[in-house]
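S.K.: Below you'll find the structure I mean.
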């Protein structure tokens, strides 16, 4: 039987690596085609410059012009310094929001002979006058429109600027080379698309960014360890004997078979899912504090954080706290971790299957219904009395959906050998997810900016990690069964998988980090 498991592991690994390589090449080809066809994209001709040194003799505007006319004169076209308009811009933005909220009252007039109606206000009992006081057409013409108002806002120059070049090749070269001997000054990078730009972070000093990244990393790690408290409590619910010992008053309640299955099977995954709803907003906050210059960079960072968080708390913490909470001394020895995982995963197969049902299937139905959108639409139309539809259209939430799909892929790989009964539920989930997400991409979500396939390396790395973890767990299984021959055949498989990963990183990953000069010349 162990030889059958070893052969199946080789088949799964070989097919997974082949499909990964073919998909990697396909997405890289699509990315290059996208680069060639978008010749009119202004961001490909634009370089964002940060860390402009401050001088008492000249402004940032003059410094940028002097620097690029000196060192990049043949390809330099023009530039635009970024300005920080201050608090007055926030007031104007708030006024525009208020104007849009009350815009639906436009065109309604007041009967001058009518009297206001006095009634009791809700539960407070205070009298309130209910009437409509709206401008007539003459008053509307006399009032200045907030939307079209031209205000001379006081502006402050930021140490950032957009520099435009004559060709995409020149912009690419300037964005990649080091401009001065001080890497913290005159830092260049390709500018994001205008709709992708995260403007509020451009005024941040570039020398602060590394401190922000370290602080947010530490904050994310602390949040992950704080989350151990509810996860450990949830896993206590899956162990009926420990639950009855710690809470004796539940013995009578847990005698029924249905109640036992509910408390130990379905309830833990539901509680875990409720706690997990707080993770994406928290990680998005951490990603914002890092100081990204684009919405796509911020969402990509949040996606990685949510993925690491989900793999650690949903998989490792649940597995280890559920079976080896009293064996921490064994876990302190790294060589025993594969064996502990091999013992623990079959015991947690029921929990993972229930988690696929509650977090996977239920999330797909919620995605189709767009529950939060329906509630907000009800509030707008029947409580706020706004007749027109909102012009705000959602973009796809990569930071919530992609980690969920990749986590299910991890569960599928790790349980494929030890607990294969979970596979039909996962296959049905992936089939339904393909249909649902395809419909949502086509008919529901809008594309505000194009990332050019930059989320694929995240999916690839997570899949390779899942595959190697599966091989290590199988190595632990063969060690438990005392089969040195099967374990000996598993070690070369792990090495081959790591070599395949290194080849893909050398051959295909650089295409997702920058644009090839060969294709830039076509624009």
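Glycine too: its Cβ is placed from the backbone N, Cα and C atoms.
Note: TrEMBL annotation is automatic and uncurated.
The shown structure was predicted, so the numbers you read here are calculated from the model rather than taken from an experiment.
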S.K.: Which residue range, 372-404, 405-437, is the one TrEMBL calls transmembrane segment?
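M.R.: Per TrEMBL, the stretch marked transmembrane segment is 405-437.
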S.K.: Have a look at 192-213, 258-279, 280-301 and point to the one annotated transmembrane segment in TrEMBL.
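M.R.: So the range that TrEMBL calls transmembrane segment is 258-279.
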S.K.: Is the transmembrane segment (6-24) in contact with the transmembrane segment (405-437), using at least 3 Cβ pairs under 8 Å (sequence separation of 6 or more) as the test?
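M.R.: Yes, the transmembrane segment (405-437) and the transmembrane segment (6-24) are in contact.
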S.K.: What else in the chain is close to the transmembrane segment (458-479), if you only count residues 6 or more beyond its ends and a Cβ gap under 8 Å?
M.R.: 2, 5-6, 9, 12-13, 16-17, 20, 24, 300, 303-304, 307, 311, 337-342, 345, 402, 406, 409-410, 412-414, 416-418, 486-487, 490-491, 493-494, 497-498, 501, 504
